[in-house]
Structures are given as C-alpha cells and as structure tokens.
C-alpha cells in the first residue's frame, strides 16, 4: 500500500510538470489550443486503457495482476518516448534570484599586488561562504515572493481556488466510486461494466477538452459563470448517483460528472497559464495540486477514516455533492456581483466591454507581474 501511494504521488507530481513543459515550448497565443489538445489526447489514452481492460476482463478472463503488467509495459514505452522530446529553454528562476541579490562593491584603490591578491582571496572566501549559507534562504524567499505575486491577481486566485477544491472533490469521487457501484449493484449479482463507464466518461471528457481548443469565448467575462454552471451540474450528477439506486443511472451520473470536470480543468489550466510568466507555470500548478491533495487528505480523515466520522458510502457521496454545491454557490454569488449591475446598465451588446472595464477595476484582469 505504501509503495502504491508513493507511485501515485510521483504520477501526480508529473502532471503539473507535463503542462509546464508544454507551455515552455510553445507561444502564449497557442495556449488555448495546446491545452485542449494535450488534455484530450491524455483522456483518449485513458479511454483506450479502459476499453482494452474491460474487454480483457469480460471476454478473455484476464486477471488484474496481468492488467498491471500491461500497464507497466505501456508506461515503460512512454518513458522511452519521452527521452526523445526536445528540451525546454532553461528556467532563469534561480539564476535571476542570485543576480538580483548580487551587490556591486565600489572600486577600492589597492596599495600593492600582494594586497590585491590578499583582498581578492578574502573576498572570494567570504562570497563563497555567504553564497553557501544563504542560497537556500534566497531560493525559498524567492519562492514566497513569486507565489505572493501570482496570487495577488484576483483572477488567478479564483481559478486556483476552484482548481484546489474541485480537484479534491473529484479525486474523492474517483477513488470511491467503485464502492458506490458495489453498494448499488453487488458484482456477484450483476455483470460489471465499470470499465465501460470509465471509457465513455473519459472519452466524452476528451471530446469536451478538445472542443476548448476551438471555442471562441471570452473567459474573462464568462469564465466564472461557466465554473458555476458546470460545478452545479457536477453536484447534481453526484446527488443523482446517490438517490437513483440504479446502476445504469449511476453510470450516467458518473459520465456527466467526470466529463464536466475535465472540461473545467482544461479551461482552468489554460486560464492560469495565459496569465503567468513561463517560470511560474510549474510553481503555481504544483502548489494548486498540493493544496488539492491536502484538502483531499483532510476530507478523507474526516469523512472516511475510522478516526473520523467513518460515514457509509452513500453519506460520503452526499458530502461530496454538497461540497460541489457550495463551490457553485460561492462562484455564483461572485458572478452575479459582476454581471447583474453591468447588465442593468446597458444592452447585452455592450456587456463584454462593461464587464472587461469592471474586472479591470477589480484587478481581475491584471497580468501577473514579470
């Protein structure tokens, strides 16, 4: 179990690194399209895995152990392919940190060559000691400063908050959906089609993610409204799974839930990237993922763990649905605060300009400092 958790942690860390790498090798004008392509092709791969796994289990009677061997083999092939990818340009994060902390000393008149050598050696020794002792503090200080500058943009802050809370809820649903399906329809009495449900939900998510590459929407204006609508749909899908008590309805609710989340996380990734400088991608994506996993851990301890409430599986999903309802409600209040006054002031044709001006006043469209 500990080994599985370690491997899962490594895979989770690779996801933000993957998108940070992609954004570092393309121009910002291509971010929307690239995000849609990368997210959709990843989901297509997951779809193929689900379909093949379902076919091997249902038709060939392949054991789960052999499925794991197939997974390891395909992952090894992906690792070999990654060795041939072009290297990104070197990040100037640490170099810039050191450069900004370099202090130019005024010229000093030297009395003799011996004095010059002594002073040079002494200065080098002091500089070496200072660099060695302060390097870590400088790097962590720079990290803190970078994060403060990133989250000073209200737009980045709101999208990051949605990322963290929604990802925590999504991960919980993904981790425990099998138990809900088993509760609704025990596998001993029913042919299992869980892999098929995973395949359909992932493929639909791939289609929606791919569509983001071509949808012409001003997310500065309608982004929070989209978060509200699809977060509410996610909440409704979870409650639908809980109260339907029918396995096919559970499958349908899960397909809707997962595809909507994949659509929103694609939009969120693009929106964060387009408002960040290159060296901040991995920092922000990684920190958002860390917060999401921390929230998931807290939620697990409270809801699932025997040391907490240890709720039954149905009540657990009611809690998860309530979390998405709260997310949708909070973002709805924010969206209405911005949109309703502007809609009342002028016709719909002027809504775009009005909202843009209002969000600029609120600091929502302020670009992240370089």
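Cβ coordinates come from backbone N, Cα and C, glycine included.
Per TrEMBL, the feature compositional bias 'Polar residues' maps to 115-129. Annotation comment: TrEMBL describes 106-129 as region 'Disordered'. Here TrEMBL flags 6-25, 37-57, 63-85, 156-177, 197-215, 222-243, 255-274, 281-303, 309-333 as transmembrane segment.
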Per Cβ pairs under 8 Å, the stretch of 197-215, 222-243, 281-303, 309-333 packing most closely against the transmembrane segment (37-57): 197-215
Stretch contact, the transmembrane segment (281-303) with the transmembrane segment (6-25), Cβ-Cβ under 8 Å, 3+ pairs: yes
Cβ contacts the transmembrane segment (222-243)/the transmembrane segment (156-177), at least three under 8 Å, sequence gap 6 or more: yes
Long-range neighbours of the transmembrane segment (197-215), counting only residues six or more past its ends (CB under 8 A): 32-37, 39-44, 46-47, 50-51, 54, 251, 254-255, 257-263, 266-267, 270
